[in-house]
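Visitor: What follows is a structure written as structure tokens; I'll ask about it next.
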Amino acid sequence: MSASKTDRQTDIREREREREGGEMEERGMEAELVSIPATPKGLSTPETSVTPRGTVRTSARVKASWTPTGVTSAMATPRLLSPSGSMGTPMKKVVVSLRGYLEEVGHLTRLNPQDAWLPITESRNGNAHYAAFHNLNAGIGFQALILPVAFAFLGWSWGIISLMIAYLWQLYTLWILVNLHEAVPGRRYNRYVELAQAAFGEKLGVWLALFPTVYLSAGTATALILVGGETMKLFFQIVCGALCTSNPLTTVEWYLVFTSLCIVLSQLPNLNSIAGLSLIGAITALTYSTMAWVLSVSQARPPSISYEPLRSNTFTASTFSILNSLGIIAFAFRGHNLALEIQATMPSTFKHPAHVPMWRGAKVAYLLIAMCLFPVAIGGFWAYGNLMPAGGMLSALYAFHNHDIPRGLLATTFLLVVFNCLSSFQIYSMPVFDSFEAGYTSRTNRPCSIWVRSGFRIFYGFISFFIGVAFPFLSSIAGLLGGLTLPVTFAYPCFMWVLIKKPQRFSFNWYLNWSLGILGIAFSLAFSAGGVWSMINSGLKLKFFKPN
């Protein structure tokens, strides 16, 4: 009996040892399975300690939370954290994949489902090439051809210095906007007004940014109808000559022809879908800008040319003329109201953020813009001096060299301007289309059908045509418009950087952005006053519903 009792106790002890060994193995497996890569930056990890025997003690029980904003994990030994440790190949692959997944999870963006229905954010397959096309198409246009008019009042030295300062300033503010697109983790500011609301507050942001951005979109589209229609009329006159003078189209009819072409092209659904048009617009802008100054400098200069800055009879009048000229230079740099919208068309991940291809494309675009603006301003002023007409380079070519330059070259230049205006109309109208469709989808909670979308764009095209006919003098007040819209390009981005990024007080970055922002607001007020005075002094007749 004693022997059998002893054997029974021995069996019990062996079973307990086997049970403890199994528990130890299960604990080891649990430690290995629970081990995940290092927690992404900014996420909490519980403290752990490992005894020499390999058992794991945790300070608290932790539940893994697989949410975009936070991941909490239990950690094991450093050996288990490293994929190059002593674990097998399958586990190594799991850990590597899990680490990449956690990096992406830590950078997931909270997307608005409505964005998938809107033309700006409907497609997110943009790249650096698309960014270059869009920025170049938006950043250069008919306003570049008016730069020699500003040089006529500023002269050589101050004209070049002002143009250089404005170029570097707007390039810096563009860099700010590109980097503020995802300044807050988990949020993309896809539109300029959204970023203004985040910086200045919901109501103040709308008040400050809505008018200038709406003008830069809708107002520029209206000005493009005026310039495009008038250029089509000049092209027709040059090509036909005396053969087509019996019953020509009126100016309003040419506006209508141009508007109809714009409406047809506007049926492309979203911003990425017009990348081809932006490429055409960029190529035509580069070509006609180069042709304009090359044709001008290759011809004989007018005999009465002078490079002395134009001066008025009084000091006050001269001061306002200079301010108006600086406003023309500021108006030459446009497109910042579209920077965030262009960047919104690109995919963005933790490893491949959208600001990298956006800035790469923007740098190429603005290098080419500089290669257009500076030769046009300097070459145009050299060719015509202070005899430059108020309409800019195209008016000067037609007025001084209508019979000197072959009709084919002159007609080609005007035709390229028409193509560029058609392309620029699309990219500047896209924010307005986006606003129309945002209002519709927010009320109906469904995407716009193709008929609703087409109806919005036809309506907008004819409203722009009506405004152009009612206010045909809009393209002649570039100085005033440059002053009113200057904060969008030169001032607001600096304030937004300070309010969102919050650099250290009284640091160089803090002083720089506050100074540039305040100067931008002051220049905006001064240039606007100069533009109003120039309108009054030059006797601009506000002929409503009477285009020339």
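Note that Cβ sites are derived from N, Cα and C of the backbone, with glycine treated the same way.
Annotations in TrEMBL come from automatic prediction, not curation.
According to TrEMBL, the feature region 'Disordered' maps to 1-63. The compositional bias 'Basic and acidic residues' feature in TrEMBL is assigned to 1-30. Positions annotated as compositional bias 'Polar residues' by TrEMBL: 45-58. The domain 'Amino acid transporter transmembrane' feature in TrEMBL is assigned to 125-536. TrEMBL lists 204-227, 274-295, 315-333, 364-385, 405-429, 450-471, 477-499, 511-536 with the feature transmembrane segment.
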Visitor: Near the transmembrane segment (315-333), which same-chain residues lie under 8 Å Cβ to Cβ, leaving out any that are not at least 6 residues past its ends?
Guide: 139, 143-144, 146-147, 149-154, 162-163, 166-167, 170, 373, 478-483, 485-486, 489-490, 523, 526-531, 533-534, 537
Visitor: Could you check if the transmembrane segment (204-227) is in contact with the transmembrane segment (450-471), meaning 3+ Cβ pairs under 8 Å among residue pairs at least 6 apart in sequence?
Guide: yes
Visitor: What stretch in 274-295, 364-385, 450-471, 511-536 has the biggest tally of Cβ pairs under 8 Å against the transmembrane segment (405-429)?
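Guide: Highest pair count goes to 274-295.
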Visitor: The transmembrane segment (450-471): which same-chain residues, six or more beyond its ends, come within Cβ distance under 8 Å?
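Guide: Contacts of the transmembrane segment (450-471) (Cβ under 8 Å, skipping residues fewer than 6 from its ends): 218, 221-223, 225-226, 229, 252, 255-256, 259-260, 262-263, 266-267, 269, 429, 432-433, 436-437, 440, 542, 544-545, 547.
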